Ligand SMILES: Nc1ncnc2c1ncn2[C@@H]1O[C@H](COP(=O)(O)OP(=O)(O)OP(=O)(O)O)[C@@H](O)[C@H]1O
Ligand SMILES: [Mg+2]
């Protein structure tokens, strides 16, 4: 079969467009990413050299999948030679080849968000500023936004408008912090995430021969998720495509959700200005979702004023309605959703990987983790505290970073006295102070006390010098040893492995195992590199690690697991069954977004993104009270629930007015103890109108003793064969209502109430 047969008429036209600028703006699930993939395959089929293609994707995982798909269409492994990945990972590599021009070492460090924050914190402290006013987060946001708009420290300081904005927000010293921050990153041979784009712009601006080289190399440029590019990214793409103008961008203005990171929807409008003769393609048929989901999503997004008109339709089945579940607490939400997943899996033979739980903030994952773990269901959390952010992993990686770039100050400060080698804080403070006075990096001082004398005790000085020697010996092996050999050597001789091995507490054992896992990962990296006939240094490995996006952190055994992630990270992905949780005012939409229409519209786009991830079923949930910031707060259902057209919605367990005195049974949840007087559930139910009345349990299911009428999650029940148990979830209504019950004797069962002989017991 011809590969073009896998496309509809409009998609095919877009794919067959080879030369000249083009743009596809189309709704979710309409095949934009598919068009991009097929278009690359089509280019290759038409004799375009793989080396001349640059494709920018939202995650590295998406790039990997795209390559596999291209290979399956074209045959062979030509896709290996395409430059493809996220903006950050593609340009980090380009910067590595050219770093000397910018005065950076080729093994420059990439500072993660935590590194940046700790550096900002240190600067605020050194400047004697109040860190309650100059909060690292806020300052970092400001610096990041400056960089993404290509505003240098000098330009920042000279910009009257910006400086007066800072003054208005009572942070007039940000320009000084920015300047010092940029200087210190440079001294440390480090770039933060924004620098990867900022410095690429500097490189292409100040070195015409470099620009020329890449313009000639990348004759075809393709960008997915174009609506979320920021100014810095826009300009890179514009410069690279300036000669051949073979540029293809695909996106959906209705899914622009990264404006807080400087993403600029105007880039879509700029495209029209930059390439007046561009060809525009529209895709309107959605292939992903049931028609109920597509229609519900349309009804959400049409409330936004700022959008390009689109008509998305589908010929897929109608499917079920969007379910809305109300829970009392976040813990109950965890249980109910988990049980629902369990049921769908049992009844439909779905795989774990068919399910996604999407939330607004990472902190919401806890209750789901707990209940998934209880039921022993495999899951994977993307984002949040990932493997690479664990202390022991960061410690060992800090050694790797130093081996690649000894000037990396954040890494140096982290491990100069770990494992303990008797270098105290006072000596370190003196060294840091001296480094500032000599205007060099800490590394310069400790590796050459003759040149940079510091008045500290001889003992401390010796220990620091020994540490420097150790790092130098690692650094010497960087370019000659395969990643795994050096990593293993560092893990042993730094003393980290021994330190963790000696700790026999369960946590210590886990940490030791984590280090082994990291080493195993590096081993795998080394083997893969060898297969490509490359050595693969530890510093190559570090780039891969530093630029993993939230959706990338997946290992082999993660493949068939339930996905937990933020909506932001879910962009571009699809799952048969999607649960969007925590639909409450001040959480989603987020409290911070309630001050302006544009911000509220961005939250609504986020909601649209979430709903359009679903293929077969989409479930929304909200709770009446939730623990936030260590306190129980009463929540109101999100306005977004109300905004979905009622014809596509099924409100499931609306139990208003029926909660009576039996709302919370004794052992239902520990939260009850935490919340005396928490009895007025339903008060938060403000805007919700039940679509259909649901009776909790058919009263005909009376059996023997207590009846199961008004059965609720948390009730103790007894079953003739299974014995005593506890209700963990209720699903459906009327004669179809089912209860999931955990029986200590036999495990969990889902029972149809009209058949099951259940008795409520105290
Ligand atoms: N012509 C087609 N025939 C069959 N399946 C298709 C066709 N076009 C797209 N699909 C499928 O529909 C789903 C959505 O496509 P794709 O992910 O490319 O959409 P998208 O527009 O990029 O979505 P998003 O806006 O969420 O990024 C995918 O599973 C894709 O394989
Ligand atoms: Mg896509």
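Placement of Cβ uses the backbone N, Cα and C atoms for every residue, glycine included.
In TrEMBL, the feature region 'Disordered' is placed on 652-710, out of the ranges 593-651, 652-710. Among the binding-site residues listed (29, 32, 33), 32, 33 have a CB atom closer than 6 Å to some atom of ligand 2, in sequence order. In the structure shown, across all protein chains, 30 is the one of the binding-site residues 30, 33 with the greatest number of other Cβ atoms within 10 Å.
Counting only residues at least six positions away in the same chain, the Cβ atoms of 32, 250, 252, 281, 282, 283, 284, 310, 312 sit under 8 Å from the Cβ of residue 26 (ATP binding site). Long-range Cβ neighbours of residue 27 (ATP binding site) (same chain, at least 6 residues apart, Cβ-Cβ under 8 Å): 252, 254, 283, 284, 286, 310, 312, 612. Other residues of the same chain near the ATP site, with their Cβ within 8 Å of the Cβ centroid of 26, 27, 28, 29, 30, 31, 32, 33, are 252, 283, 286, 288. According to DSSP, residue 32 (ATP binding site) is assigned to a helical segment.
Counting Cβ atoms from all protein chains shown, residue 29 (ATP binding site) has 26 others lying within 10 Å of its own Cβ.
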